[in-house]
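Novice: The following block contains the structure, expressed as structure tokens.
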Amino acid sequence: MASEFDLIARYFTRAAPDGLLGVGDDCALFPVPAGEQVATSTDLLLEGRHFFPDVDPKALGHKALAVNLSDLAAMGARPIGCVLGLALPRLDEPWLAAFAEGFHALAAAHGCPLIGGDTTRSAHDLAISVTVFGAVPAGQALRRDGAQAGDDVWVSGDLGAADVAYRLLDGQYPANAPLLAATRAALEWPQPQVALGLALRGIANAAIDLSDGLLQDLGHILAASRAGARLQFADLPAAPALAGLDAAPLRRALLGGGDVYQLCFTAPAARRDAVVSAAAAAGARVTRVGEILPQAGLSVLDAQGRPLADLPAGFDHFPAA
Ligand SMILES: [Mg+2]
């Protein structure tokens, strides 16, 4: 008789593509093309902390992989494969089937097969750990430490919808069914910008994916690059669903809202046409939102050119150099 973990394995075992040894041996094996480096990243998602217990399991399977693919995108790395660790408090077969469906669909869309993993029983909450592997030509990865004074600051896609959806679901904002309907997909079905990351190799000087909010994530680029930046608030690409929002929640969503999984990157002003062409080729939308400055500090200017006061909490000002 099949044990429950045989059953779990059935949902996650897929034939590995040619050249890879996937699930079923002690280790997975994958080749690394000559002249390339392996890029790897891992994320741990905990029930109640990173996702609501009642989230659609198919969306959760998608997002568990999406947040990791987004890290590969931020480095300009091409996905090779991934491994999955699951700690499950109970065996719920329909839940597992839906989770696996969401996970495998995104894996297939990005050529990132599941090549290994482990499952165990958890006493209480659900925990999901995904590790991705990618490849990037040696020396060509997009890093956080390459921003140069005079670079433009760009963001892909639009901002703020995931933050609003999160606060609605968490009860921080009064119930608003139309607004939730218009923002929820951004929170639960983020689309990692892998093609854009690849297209920006050789063009962008620095990049990061937006997981913790624009100010905080751009702050990581600035700290690593020992530089500052000035953003124009009016140029930030707000998600269309945010059109009716008051000033304070709008500011919070655009500058501090996490779970965006778009890219923030810097590129020389002389490469604007190359950035736009690369984005178009990748099917991505990009918006120029500010510039990199030689001196430390991050300011956001309003339409009159005045710095915004009281930037959203959560933003960690630069550590002393
Ligand atoms: Mg990241």
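Numbers here mean position along the shown chain, with the first residue as 1.
Each residue, glycine too, has its Cβ placed from N, Cα and C.
Note that the structure is predicted; figures quoted are calculated from it, not measured.
In case it helps, TrEMBL gives these features for our protein:
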BINDING   D26, S41, D71  Mg(2+) 4 binding site
BINDING   D26, D71, D209  Mg(2+) 3 binding site
BINDING   T42, D43, D118  Mg(2+) 1 binding site
BINDING   D43, D71  Mg(2+) 2 binding site
BINDING   H50, D259, F315  substrate binding site
BINDING   G117, D118, R144, S211  ATP binding site
BINDING   D212  Mg(2+) 5 binding site
DOMAIN    24-136  domain 'PurM-like N-terminal'
DOMAIN    183-300  domain 'PurM-like C-terminal'
Novice: Checking the contact step here: among the binding-site residues T42, S211, D212, which have a Cα within 10 Å of the Cα of D259 (substrate binding site)?
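Specialist: Those close enough are S211, D212.
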Novice: Just checking: which of S41, T42, H50 have a Cα that is within 10 Å of the Cα of D209 (Mg(2+) 3 binding site), counting only these binding-site residues?
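Specialist: Qualifying among S41, T42, H50: none.
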Novice: Hey, does DSSP put R144 (ATP binding site) in a helix, a strand, or just coil?
Specialist: helix
Novice: Average the per-residue pLDDT over the domain 'PurM-like C-terminal' (183-300) and send me the rounded value.
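Specialist: Mean model confidence (pLDDT) across the domain 'PurM-like C-terminal' (183-300) is 97.
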Novice: Can you list which of these binding-site residues (D26, S41, T42, H50, R144, D259) have a Cβ closer than 6 Å to ligand 1?
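Specialist: Cβ < 6 Å from ligand 1: none of the binding-site residues.
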Novice: Please identify, from the binding-site residues D26, D43, D71, D118, D259, the residue with the sparsest Cβ neighbourhood, meaning fewest other Cβ atoms within 10 angstroms.
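Specialist: Comparing Cβ neighbours within 10 Å for the binding-site residues D26, D43, D71, D118, D259, D26 has the fewest.
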Novice: Can you list, in sequence order, the residues of the same chain other than T42, D43, D118 whose CB lies within 8 Å of the CB centroid of the Mg(2+) 1 site?
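Specialist: Residues close to the Mg(2+) 1 site, other than T42, D43, D118: L44, V83, L84, G85, I128, S129, V130, T131.
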Novice: Give the sequence-ordered list of residues that share a chain with G117 (ATP binding site), lie 6 or more positions from it, and have CB atoms under 8 Å from its CB.
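Specialist: G117 (ATP binding site) has long-range Cβ partners F12, V23, V83, L84, G85, L86.
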Novice: Within 10 Å of T42 (Mg(2+) 1 binding site) (Cα to Cα), which of the binding-site residues D26, D71, R144, D212 do you find?
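Specialist: The binding-site residues close to T42 (Mg(2+) 1 binding site) (Cα within 10 Å), listed in sequence order, are D71.
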Novice: In whole Å, note down how far the CA of the residue listed as 'Mg(2+) 5 binding site' lies from the CA of D71 (Mg(2+) 4 binding site).
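Specialist: With the alpha carbons as reference points, the distance is 13 Å.
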Novice: At the Cα level, what's the spacing in Å between D43 (Mg(2+) 1 binding site) and H50 (substrate binding site), rounded?
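Specialist: Here the two Cα atoms are 11 Å apart.
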Novice: If you measure D118 (Mg(2+) 1 binding site) to D26 (Mg(2+) 4 binding site) at Cα, how many Å is it?
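Specialist: About 11 Å separate the Cα atoms of these two residues.
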Novice: Round to the nearest Å and give the CA-to-CA distance linking D212 (Mg(2+) 5 binding site) with H50 (substrate binding site).
Specialist: 12
